[in-house]
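*Asks:* For 28-40, 54-73, the entry in TrEMBL reads compositional bias 'Acidic residues'. The compositional bias 'Polar residues' annotation in TrEMBL covers 41-50. Marked as domain 'PX' by TrEMBL: 117-234. Residues or ranges marked as region 'Disordered' in TrEMBL: 19-96.
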Amino acid sequence: MASKLLHRLRRSLFREVTLQPQLGGAEDFPESSELDDDTEGLSSRFSGTLSFEGEPEPEDPELNSELDSDSDILGDSGENGTEIAESSPACQPPAHNMLTKQLQDSWKKSRTRSIPERLLFEVTDASVVQEGTSKYVLYTVHVMKSGQFDKTPSSITRRYTDFNRLHSQLRGLYRDEMQGISFPRKKLRRNFAAETIAKRSRAFEQYLTHLYSLAELRRAQLFLEFFYLGDLQAGQNLLRTGQYQEAVGCLLNALGLQEKLGCRPQGHWIFTLAILVASFQELEQPEEAQEYCERALQDLSSPSLERQQQHPLLVPLLQAIVHLSWKVSKDKRQWESQLQQLRDSGVDVSSQPSLKEYLVKESLEGSEGGRHKGDNMA
């Protein structure tokens, strides 16, 4: 009905134009010139997306010579959209015709298959820092996953001397693998020039990418600790001084870096989770504490109970999760059963320190000075 009224209105306007000779005759302003623009617009919007193949509407003899197919579609889509949708390929697509959504889904799947996930190292900031008589450039490196949107990119801040120390240590331990890997040399002058800083930023990105591309170096504890150990040690020190919220920030970044670098569940992974549990406990956030405690215990799980008993954090974590599960109203029987198995095997559970006591006293060192005694048991 709306389409018929529209065309009657256009016809009446058209007749008024023909009655004004000063504006030209009908041949100067044909109705098709008004409809052509609409037709082109509709074609660009609907082409390849929608197709209208419904039953033709009964025609009005007075409008037969004026109806345009695209304008008819416009009228019907506004008034009889339900009828058109039922007869369009959107509801009954032919086998050879893929809808736009199907094409998008297919394209996304092909991108997921064709782009392997890897790590990207990007220097996002380089700041000149003045500390007394000392002056240096602090580089901020973001570590991100490629091939998908990384919601939680992790970052580190390092000086040139930190990169140089890593390079020297890797060359000493992995002489064959480090052959041919270039490193930006230290300059005697213009170290703080913008051009030098920019070139070094790109060089550090390429350097870390090259190291990570070599399997032997990618798994080297020295390389891994370069990224996360500083934040982990800072988190432990903040726990000792009662700055629990600040500790959580450092620890989550350290955990994210370990996860991206493939440290789970080795190295300092369990220790990081344990400090997070203790920090969230002190912040009276039992849900978060219970979540990280359960993750740590799941990574500690092993068919061999004897191997579990060798990890010094096992009993403190079990004692913590029993209490946390009770606080958040979760089933704690599984953890109580594990504690009972340890008692039955001869472990003096009652003499074990609490989780926080153990974490505060334990010495956390890197691969140069030795690691804490539970590292290699996870």
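FYI, residue positions are counted from 1 along the chain as it appears here.
Cβ coordinates are placed from backbone N, Cα and C, and glycine is handled just like the others.
Here the structure is a predicted model, which means the values were calculated and not measured.
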*Asks:* With DSSP helix as H/G/I and strand as E/B, how many residues of the domain 'PX' (117-234) fall in helix, strand and coil?
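*Replies:* Breakdown, helix to coil: 56 helix, 31 strand, 31 coil.
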*Asks:* Looking only at the domain 'PX' (117-234), report the model's average pLDDT.
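*Replies:* The predicted confidence over the domain 'PX' (117-234), as a mean pLDDT, is 92.
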